[in-house]
Each structure stands twice: as C-alpha cells, then as structure tokens.
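K.L.:
Not my notes, these are from TrEMBL:
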TRANSMEM  B:9-30  transmembrane segment
TRANSMEM  B:64-84  transmembrane segment
TRANSMEM  B:96-116  transmembrane segment
TRANSMEM  B:122-140  transmembrane segment
TRANSMEM  B:152-176  transmembrane segment
TRANSMEM  B:196-214  transmembrane segment
TRANSMEM  B:241-267  transmembrane segment
TRANSMEM  B:279-300  transmembrane segment
TRANSMEM  B:312-329  transmembrane segment
Amino acid sequence: MNSKWGHKLTGLAILLSLTLLMFFFSILFGIAQISWESISKAIYSFDGSREQLIIRTVRFPRAMIAVFVGSSMAVAGCMMQALTRNALAGPELFGINYGAALTSVIASFILGTTSLQLFAGSSIIGAAVAGSLVFLLSSTGRQPLTSMKLVLAGSTLNLLFASLTQGILILHEQSLDTLRFWLAGSLTGRSMDLFFQIMPILLIGLICSLLMGRQLNIMNLEKEVAQGLGQQLRGTRIVCILIIVLLTGGAVALAGPIGFIGLAVPHIARLLIGNNYVWIVPYTAVLGALLLLIADIGARFVLPHQEVPVGIVTAFFGAPFLMVLAQRKGGMK
Amino acid sequence: MIIFRRTALFYIAVILILLNILLFFLNIAIGDRYIPVNEVFKVLLGREGVESNFIILELRLPRVLTGFLAGCGLALAGTILQVITRNPLASPGVIGINSGAAAAVVAIMVFVPSFSMKGLPWIAFGGAFAAATIIYIFSWRKGGMDSPARMLLMGISLSAMTGALITYLLTVGNIFRVSQASIWMAGSLYGRTWEHVWPLLPWILILFLLLLSLTRRLDMFLLDGQSALGLGLRVETWRMLFILISVGLAGSAVSMVGTIGFVGLMAPHIAMYLVGHRSLIRLPISALIGGLIVMMADLVGRTGFAPFEVPAGLITAIIGAPYMIYLLLKPRVL
Amino acid sequence: MEAKRNKIRHLSWLYVIIAAMVMSLIVGCSNSDSVTKNVVAQSEKTNNNKKSSAIKGDTRTVKDAYGEVEVPTQASRIVVLDIGALDNLLEMGITPVGAPSILKIGDPYPAYLKGTKGIENIGSVNEPNLERIHALKPDLILGNKDTHDAIHVQLKQIAPTVFVETLGVTWKENLQLHAEAVNKQNQGTQLLRTYQDRIDKLKSGLAGKKAKQISLIRPREDKIQVYLKETFAGTVMNDAGIARPASQQGDGFSKDITEEQITDLDGDLILWFNREPDAFDKLSNRPLWSTLQAVQQHAVQPVDWEYWMSGLGIQAVNKIIDDLNRFLIH
C-alpha cells in the first residue's frame, strides 16, 4: 500500500473516532443529567436505575438513529450526485424527503392505519415515486434537464408534496402541531420497534453503497467514455437508484424529512479526499453520522429546557451551505 | 399585420377583464348561501335595506378585493423580476421574497400581538427587502448578474432558512398567537375585511402606476446585457429601483394574504404568451391574470371542499407546482 | 415611423386598460364608502327599532376586552364562538342559537354539555363561518380576543359583541362577563360561590389525608406535553391547593418534554388526556415509564379530554372537581 492510502485511512480513522466521541457526547449531554460513571455502569452492570434506563432506552437509541439516518441521508445524497453528475443533488432538493412524508401521511390518515410495516413501506414507496419522477425528468425526453433545472424541479416537487400533505391534514382536521410533526425532521420520540425494522434496510443500503465506489467512478468518467460503457452502466444505475430509494425512504420513515445532510456532506467529503468515490462513500457515511450527531446535540440546547426538532438545525446551517455552493458552481450547467 | 395584432390584443384584454368581472361576481354570489345575481347588483349599486347587504359588502366584497389586489401585486412583482433577471423562472416566491416577508410577519405576530394590521405591509416589506438584499448581494456580480440560476438557488436556500426560522418561532410562541400565525401563513383569504383592502390598495395602485410610467426603462432589460450596458451606467440603479418596486408589491400582498405561491410565476408567463414581451402591455395583462388566479383559487378552496375551507395558497401551489415543472421541461428555458 | 405609430397604438391600449382599472377602483371605493354609510344607517335603524320597541327594555352597557358595548337588556338570540361561552350559557339556562365545534365543522358538541340540541353549528373555533353567524340573526355574540381579534370588526357589525380577553386561566372573569352580557349577574356570582364551596369542601376533605402531588400530562405523537399552572385544569387544581410535581410548578401554559424527561412526570397520581389514539401506548411502552412511582402503584388515570383539556366553562370546572373528588377522596 502506498502512503496515500495510509493518509486516507488515517483520515477516516480520525473521523470515526470523532464520531465515536460525538456518539458518547450525545449519550452524555442532554436535559436530563447523566454522569460519566453511569454510562459505564449501564453497559457493564445494568441495574435498571433511571439514569441507566435513560442511557439504554433513550440516549443510546437516539444516537444510533442519528448515526444511521445521518449516514443514510448523506450517502443517498452522494449517490444522487454521482448518478446525475450534479453537484446540487440531494434528497432534500429532489422532492424525495417530502414525497416520503406525503405517502406516510396518506397511509396513516386516509387508510387509517398505524401499523409500523405499512408506515415504513409507504414511506419507501413515496421516496421511490418522488425519486423516479426526478430521475425521469433528468433522463428522458429529447432534452434532458440541466442540473440546475433538475434542482428547481426537485424543490418544486418538494413544495407540491408539502402542500398536498398540508391539504390532507386540513381535510382530516388535524391540529397545526401535527403538520410540524410531519414536515420537520426530529430524532426524538421515535419508536424503537420501527428502528429495528428499518435498520436492516439502511444497513443493506449502506453496505451496498460502499461496494459501489468503483462503479460510481466509472459513471463519473468523461461522458463519452461513460457512454461507451452504456450497456454496462445501465445495471449500475438501477442498483444505484434502488439503494437511494432504500436509504432515503428508510431514513425519512425513521426521522422525517431532515434536510441538507444529503446535500452538504458529500461536498465536505470531496473537499477532504478528492474525487475518488471508493473513498468518498465511506467518508460521506462517517461524516453524515458525525454531523447529524452534532446537530442533534445542538438541538437540545437551542432553547432552555426544551428541544427543537433537529430538522430546524440542519436546515438553518445547511441552507447557507447551498448558498456557498451556488456561488461557486452556480454558473455550471 | 399590426392591425391584426391590435385587434387580437384588444380581444385578449376584453376577455380577461370580463373573466375577472365574472369571477368577481361568482365570488360574491357563491358562498355558504347563494345570493342571486340581481340581488348582488342591487347591493353593489348601493340599494339599501337588501337582506344580503352585510354579507356582500362586509364579508364577500372585501375578501374578493383583497384576493384580487394581492394577485395583481404578486403578478406584477413576478413580471418585473422575470424581465430584469431575463429569467422566465424568477418570481417572488422562487427567489425567496415571499418567505422573507413571511418570516418577518410571523415574528411580529408571535412577539408583538398588539401590532396593528395597518403596519403589517411595512414589516413584510422589511422582511422581503432583507431577503432581496441577501439574494442581490450573493447573486449579482459587478456589471450584472452572470447566472440567473444562481439567484434561484439562493432563493431556495433562503426559503429553507426562513422556513426553519418560522418553525422555530412557532415552537417558542404563545399558543393562541401561533395558531393565528399558522392560519395566516397558509395563505387563506378567510375573514379579510376592509382593514386589509385599504392598506393594500395604495401600495398596489401607486406602484402599478409608477411601473407603467417606467415601462420604457423596464424594456431596456429585455435587450441583451451588453446593449443594456451600452445604454448607460445607470442600469444598475434602475435594476435596484425595479427590485425595490417588486419587493414592495410582493411584500404588501404577502402581508395581507399570507404566502400564496406561484401566482407571481404563472401570471407573467401566461401574459407573455398572450401579449408578448412589451412591458407596457404585459404588466396590466399579467396583473389581471394574477387577480384572476387568486380569485379562482379562493372560490375553489371555499366551495370545492365544503364544509372545509382550503386556503387559496394551497390551491395555487397545487396548480402552480406542475406548471413550474412544465416550464422547466420546455427547451430553451434558463 | 412605423415603430412610432406602433407605439402610439399601443399607448391607446394602455389608456383602455387604465381606464378600466380606474373605473373598477372607483366603483370599489364608492361602494365601500356606501358600505360604511350603509352599516351606520343600518345600525342606526336597528337601534331605532329597538328604541321604538322599548317596551321590552333598553340596552345596557357592558365593559369587555375592547371597551364599552351596548347590549340588549335581554338578548334572546346569542351566538357563542367558543366552548367556554357555550358551557357557561347552558349552565345559566340559556341555549345559544349558534356555536362552533372544537376542531372540525359539524363535530358534535362535548358530551358533558347537555341541551345542545337545536344549536346551529357555525364552523370551527378557529375559523367560524361568518355568513352562517349572520344568517342566524343574532342579537349578541360572545367571543374572545385571543382567537377572534381578526374578525372582531365584522362580528360587531352583525350584532353587539362581548369579547373576553382570553380563554382558560381567566375562566372566572369570563363567567362573570358572560353572565353580565346576558343579564344574569346574580346567577354568575352564585355559580362562582358554589364553586368556592365545592373547592372548600374538597380542601377540607384533603386536609386529613397525606398530600398528593398530581401530574397532568398530554402524551402526543412526537412529544409529551406537561400542563402547567396557567391552564384551565391547572387553575382548578391550584384553587384546591393540590400540589404539583416539582417540574410542573412553573408558570405558563404547557411545556414540551422528550422521552428522556419521562422521569419528571412522576407524582402520586398521573392524570393524562389526549386526542391522538396511540400516543399513550407509545409512552407507556417506554421502559422509563414503568420506573415511575405512580405507574408502579397503578395511580395513572385517563381523564376526559373534553373537559380537562378543551374545557373552558363552569360545567367543565364542575366535572373536573367531580373527577378530583373521585380520585382523591374516595
């Protein structure tokens, strides 16, 4: 192995340990006071005390959800950027987040079901439908959409789905709080059963995406070269789309539409290690987890004694990122 | 040829005015209780002692007028933006002016409950102005804007940020205030009174007249960048002035009706399709179409799902979003 | 040359359009002028009518959240805009002609209110249907400033309005103002006196026993809401001197907590209510929930949201006292 490999591995290791540290902080810090000792006690000598219960049943699962959702959103964004060769792609800009939210609302209000399987399933279907809409827009027709138009189409779809969601909630006379629940992502109060059902899906998606690095690289070769490999690439594309749908649908079912992780994180990863997708994907996965953990810790301290949905935090800090990105790449077509 | 165009224009204008009048009367006649058209006429002509006097004059008339004026304002603002950015996808909603105004108004509604309705356009103007300034600073370069797309992206990011800010405000606010603010934000014309019409009217009317007197300057932006630059160094000044006007138009409309999206996108387009680029004609036609869209959306929202009332803003979004995507699919846009 | 002519022709276009707009504006303005005149004329007329039929009694002056209002001495067609006014009026033996549903237009009125038959539904509390209210031809409208400030102007043109400042905590003042508005001051005072007697009795009943802390919560889909002192039910418990857990001492309406603060919910008795069907199960399935003293001692009681959470009037108060008696004394 050459030294470049070494550097990149070291970088990944540093990020991983940072993530671990944040994971630990996420368990340690919060409104309820937790002491250092009780964390180790909760692991090694669990005695059912409240503090340890908080650690085991609230903080730990929450941190786990943050890790999985953060990674999944980020990797999904990364795959989308590779697939569409568009630096501005991301689940939040492609209507997938709110598409998934809309189908979940339809499932729970129109069909009147509260079963978890159906909830998760509908969310994944919604992600698939919204995603394929955008991909259709991007690849069919005589003149496929430019990257910029694609982003506009996606965010317009987002708005449409959000409006439809609101309309359904009005006709079912839900209180206004309910809307906030559906449209702002949050990591609290999530059902553990749902987490255990969805985690395998996300895990499969993440592992598959880690194996896709080389194919993603080929896809991002010069257009002519890539086109020469057209037949081979079709298979890759389909697998990519499947992975994206699994990751985003699962993540939205679990935490709601948390924005801007999927857009911003792959860029940060690229800044750190360049353009090789073999490395970008794992970096993105770790960074996504890290950043969502940090945002989630932040969400606990914005207001005294009250939490805000983490989706607010990511949008507030992620949106300027899009501004910067547009500044640099805005002229690109 | 010219004569043909003239008559075509004439018919378009007449048909639009007639459609507006029709929608106006439908909005007044249809409601929880249907009021026969002849009775509507009697009341509008000032006949006293008619049963439905109150319903027409105090409930339905101010409501439909507020909707019409707001629609005009949004459509005019959209037209200006599309002209000066030479970008058919620009509109007050897309570039974040609406959400800037909304954030400012929600903040005031949540924190200063006693704030008077008359002052709201100013607050909305402030918010819209701040949003426009941010977008202007980030997306305009020296000598003009080099990428219209950049501005749209700025708008999307700004909308996302103000959206987060609004959700935050709604989390910390008093429960009654929050529910009032949420209803307002949905873009509903429910309960609009003359108190909404009167503050809105001068903003829309004065800015409209001002615009008409400036159409020659506005048309200057239709030329390609270099010729416009050739016309003098004051292009930048004019651009700022026009942005200010559109901020005033959109901001005042949003302050009175909440976020009614896509009107500022659709109306200028349809107007351009019907009557072409010349601002002198396109502006009034676009205003008429804007008014028409909002009146129609309110009528549908009010009667289509009875007994529920769906805010006009939702209807325009559900129609407008596919329209936007259709525009995106058309070649040679952007 | 051609271009210039073209321009002139286009300009004439402008005049047509401007003329049309100005015309419509003038029509609009003159109408609205006549509007105010009409309304003034109308209200004068109705006043005259009332004065001419003064045998029935003159108007009285009531002071509400906006200042002084002239109301009919004995209003007979009253529209109420919230459940508190509906509750209070029914208790005083008056059936309003119109009242709203709490959430959805057409929903039945709360079950604890008797004698609501024949009341016309006027929409939801948040967006009452003004046309329906007008069609009912009321002679008095009871609302509250916090919810209905935006439509006050229109309402007061339909009929005299008496608005209370806000709902919930101020229920005693609201009851008095409602009583005054319908000219039943004595009955209002009597109701409050009876309330005080019941509270005193509850207090003395509690005096001999070990003080119990009551936790009042609303489990929701995404969070748990803790109801604090400045809620409707909170005031009643406060009057009765019922202690609340340390985390529920604060002022304010409610506080949102997340699942790691479940331990703060503990008390000697937990009362919960909500409108979401599964939210309580979600809470009670949490391992932390079963560490609560109240849960271990089976001192968790669901209570009716219609009066604990959405109640605003005297009947709801009495139902709450019934519940408290049941839970604490018997």
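A Cβ is built for glycine as well, from the same backbone N, Cα and C atoms used for every other residue.
Walk me through where these features lie, including what they touch and how far apart they are.
P.N.:
Sequence-distant contacts of the transmembrane segment (B:64-84) (same chain, six or more residues past either end, CB-CB distance under 8 Å): 20, 24, 27-28, 90-92, 95, 97, 189, 192, 196-197, 200-201, 203-204, 207-208, 211, 218-219, 221-222, 239, 242-243, 245-247, 249-250, 252-254, 256-257, 260, 263-265, 267-269, 271-272, 279, 282-283, 286-295, 297-298, 312.
Non-local neighbours of the transmembrane segment (B:96-116) in the same chain are 77, 123-132, 134-135, 154-159, 162-163, 165-166, 169-170, 172-174, 177-178, 180-181, 184-185, 246-247, 250-251, 254-255, 258-259, 261; each lies 6+ residues outside the stretch with a CB under 8 Å from one of its CB atoms.
With a threshold of 8 Å between CB atoms, the same-chain residues lying at least 6 positions outside the transmembrane segment (B:122-140) that come near it are 92, 95-105, 108, 115, 147, 150-151, 154-155, 158, 162, 240, 243-244, 247-248, 250-252, 254-255.
Packing against the transmembrane segment (B:152-176) from elsewhere in the chain are residues 87, 89-90, 94-96, 98-100, 102-103, 106-107, 110-111, 113, 131, 134-135, 138-139, 182, 185: each is 6 or more residues past its ends and has a CB under 8 Å from a CB in it.
Counting only same-chain residues 6+ beyond the ends of the transmembrane segment (B:196-214), those with a CB under 8 A from a CB of the stretch are 62, 65-66, 69-70, 72-73, 76, 80, 117-118, 120-121, 241-242, 245, 248-249, 252-253, 256-257, 279-280, 283-284, 287.
Listed as Cβ neighbours of the transmembrane segment (B:241-267) (distance under 8 Å, sequence separation of 6 or more from its ends, same chain) are residues 66-67, 69-81, 83-84, 89, 91-94, 97-99, 101-102, 105, 120-121, 123-129, 132, 136, 184-189, 192, 196, 199-200, 203-204, 207-208, 210-211, 214, 217-218, 221, 286-287, 289-290, 293-294, 297, 311-313, 316-317, 319-321, 323-324, 327.
Same-chain residues lying 6+ beyond the ends of the transmembrane segment (B:312-329) with a Cβ under 8 Å from its Cβ atoms: 67, 88-89, 94, 186-189, 257-263, 265-266, 269, 293-294, 297-298, 300-301.
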